[in-house]
């Protein structure tokens, strides 16, 4: 029955395709159960009868509205074609390289530099919830950092993918994120050292391959250590499986390790000439050099490394000639061998002999046997590989020493960057080890996903039904268990005459037909096939034994041990001081007793070493909370934003993305919170249902009505779980309802328009009739005009009479008010006299105070440290006046002069005027020392009070205002021409007579700027948390909600809509700032500058967030932002701040909101966008167009061709390629000179200041 509903006319399905893997097809005829064919039309218009198996019909396509989702698990139909299509749309059309798939971040390599990794973006992701922002590598890093801090648990980020998919870059970005958000306080710059280790390991461990110009040829796990405040204190690195064979052999179009080319490029520099190297075109050595120095690795240490590298290059050039069939020799004049021995300080003759001979020790005798040319070349290459691998381990060890830390590690985050699953035309021992490692990682991943899924069900109280998931333990057992492939390989290596063929034969005997995961290829006797989790891989047995043994002849080792070059000798000691981070061995007991080889090297094979380091790694990973990044290579040609569906599908299968999705899809893949469901589907609810109070209850009732089969959903505690396809069904109901509503509206509007038109015509007809009849009447009755005139006069007279009465009443009322006010004034004057009497009393009282009391007043005050600055070597008179000054200053600084305190109705800047009058007193006495001390103490006092109240907005506002007024008084009464223009004659009399204080004005001006910046910081810190919730997330416009399902990562804001900030919160905060500034008498020009700075912050933070949130880039959200901007503009108007230029700072945001709302289809639209969006950069415009997300079926995504059109039109624009606005940007502040209108003689000191001893001179 279900098929009859779903597989119907115009439903779209996916059918397999050779080129694109899947292609979309529309059903042209309803499918009936049991039909063998499905009639479909392909996208190019071809109609076909597609043969189907009624038990497994083709996968259905998701409704368009769900395509392009941030999280694949938000798709209603979860299967391979849906995943592939979603990734393709995001990558090719929206240019988005990151997508979540449940707990995985899928990262597709764009092969292009993108402007999405700056510090501004790091700060934008810092502290955010993962579901709130667009997917990003920084979001994963933030999640790991947050979980580490919140749960005190170690974390790991596992980055995998095939060569060239972008693993190393991703790992580097996560490390940069941690370095930026957890800056250490010490001056050691630990985080920079951690980052500086990357270029060194890349120089010695990365090379150019056909797949990738900077391919890591080793795996590494970097553990970044944090202290208790979660700051980086150090790091440690473990490396795996360096590809040694590259040192002696590179395939066509591939290169050796970068470091060799960097060294050869510098060969002609004086310090390297003694290495006698050839030239190469490379230039990064200096950079590698600087990183060594930064990590504290000295120059002689570096020279040792370069000598060893040069020696390896010379060794590779040694000519070995064949002598007959059995022997080989090296010329005694061989300059390269000479250089090799000179650089490593070795015996030349011994080297010449033992590169071409070998010693065979039996129980009875020692035989020296010559080697063939091929054997000698092998011995030479083995030696070169051995030296390089020791050198590599040594460098890693030294980096680890440089990153060591004292003190205790509190927690760590590990970043694993390891090659993904590999399969080539010819696969050997290296691929075998890599794929074995990936099997182990896949098992760990499967168990983790499975566990999370189970926890989610339990948390929501939903019964957990066991889901089978792909368990790859059997493959791992095949490789590593007792008598498995590795153990049989080690056993064969221990036999003196062991060969690859014998080993392979043992594998055939043990596993063919006995183990389903092991096969023998039909046409070959030299390879075997393993069925890995990702694919079948055929391995060639040739070289397995030699690579596993990894041996160098004993005699050659002895020669190197005797070297006088310490570094080289140390490499070959019997037990080198733990060069490898793993010294533990796993003992392998063989099935049959085997002769113990005389050669110690054979006891620790590469395979068993790798197995033990891998199990250590798994132990570490299992003890952490893992986060997964899967890097995908979109095409093999390294073309930017080209998507090869075949290659991508292959990698998605290989990295477990499809496996997670399969586990998810087996149960209830779509999960919506009740709030999300309510806001999206309230349109399907009846009035009666909506009248209930409990939203959760409404959702339950509605669902039971809409979906008859109760098995299709489950109600959890906070979420509703849906089976696959149910969300698509609900979306269909919703769009049908909306379409129906649209038709209704259209019908009504059309009817209304017709009716309006009809009424207009009717009105016109009536008017014409009126005029016509009027005209006729006028002609027939000329004598009536006189009567009309008299009537008109009478009407006017009566009108004037009534107006006169109204005015008389108003005058009476006003007279009454005047009388009332004069009584008030008398009352106030009386009070004022009393106040003055009290003041006189206080004056007398104060003068009675002894100087002892004075001292105690000062001591009891907070500002003891200000009085420290005083030198008390004045004559008594000065001392006394200076002492009074200190008390005045302390009183002014620390009395509760905030707006809520006493000084609400005093003149603006009263404390500043009082301080200035004291300065004037010193000027009047012509006392330079006193004046200097006065001003210095004032400046220090203000600095102190600002420092102590650096977070107190009201205090900062008060002292910004007073510092500014003090500065203005110093200007106004300086006696300088330019400042005296608007003074009254009386004010000019009060100018300073003796001193020029322009130097002090400069100091005060700098202080005022400092206070202003601190004042801005406090305001910004207060309003910052409100901006995004209020301007962007809050929805005040009624109507269709913009919420869509979000998949595995839930939006934080959708869970609970109480306690969130709204637009009102922002306006209230702004009004509080404004009223406080006004109460403190802040100059209107300064106030405008502060408001402009705040508005800039609001615009920039909102816009930055919009760039990183695709779910916010919709037409509806554009309307909401525009509406919020108009609230802000209203606020400016209301406060009379239109001249502050604050509105202009919102222009980029306003243009972005406009861009979200306009039509984006034709050439004219493109032209209009280019002409209108002048405050947005090209990068920003393109980002918004690419991110534009329809929230309903009626809107359409922006076509890539349209975006290209806009881009072409904007090409000639000279603007910065920066996406994010700099929210830390500060406009330059200017302090305008505004003379005070108040005459100094008229200034009264309020009695509440308790400064009665101040008298006028």
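Just so you know, glycine gets a Cβ as well, placed from its N, Cα and C.
Since we're looking at a predicted model, the values are computed, not measured.
Listed in TrEMBL:
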- 161, 162, 163, 164, 165, 166, 167, 168: ATP binding site (BINDING)
- 67-735: domain 'Myosin motor' (DOMAIN)
- 935-1212: domain 'Dilute' (DOMAIN)
- 614-636: region 'Actin-binding' (REGION)
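Features recorded in TrEMBL, as mapped to the structure shown.
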residue: 161; record: ATP binding site; CB count, 10 Å: 26
residue: 162; record: ATP binding site; CB count, 10 Å: 21
residue: 163; record: ATP binding site; CB count, 10 Å: 16
residue: 164; record: ATP binding site; CB count, 10 Å: 20
residue: 165; record: ATP binding site; CB count, 10 Å: 25
residue: 166; record: ATP binding site; CB count, 10 Å: 23
residue: 167; record: ATP binding site; CB count, 10 Å: 27
residue: 168; record: ATP binding site; CB count, 10 Å: 21
Positions on the same chain near the region 'Actin-binding' (614-636), where near means CB under 8 A and six or more residues out: 87, 91, 101, 103-111, 137, 140, 143-144, 147, 151, 153-162, 164-167, 170, 174, 211, 221, 238, 240, 414, 416, 420, 436-437, 440-441, 444-445, 448, 582, 584, 586, 642-644, 647-648, 651-652, 655-657
List, in sequence order, the residues of the same chain other than 161, 162, 163, 164, 165, 166, 167, 168 whose Cβ lies within 8 Å of the centroid of the Cβ atoms of the recorded ATP site. 109, 212, 215, 419, 420, 631, 633
Within the region 'Actin-binding' (614-636), residues counted as helix, strand or coil by DSSP: 9 helix, 8 strand, 6 coil
On the domain 'Dilute' (935-1212), the mean of the pLDDT values is 88
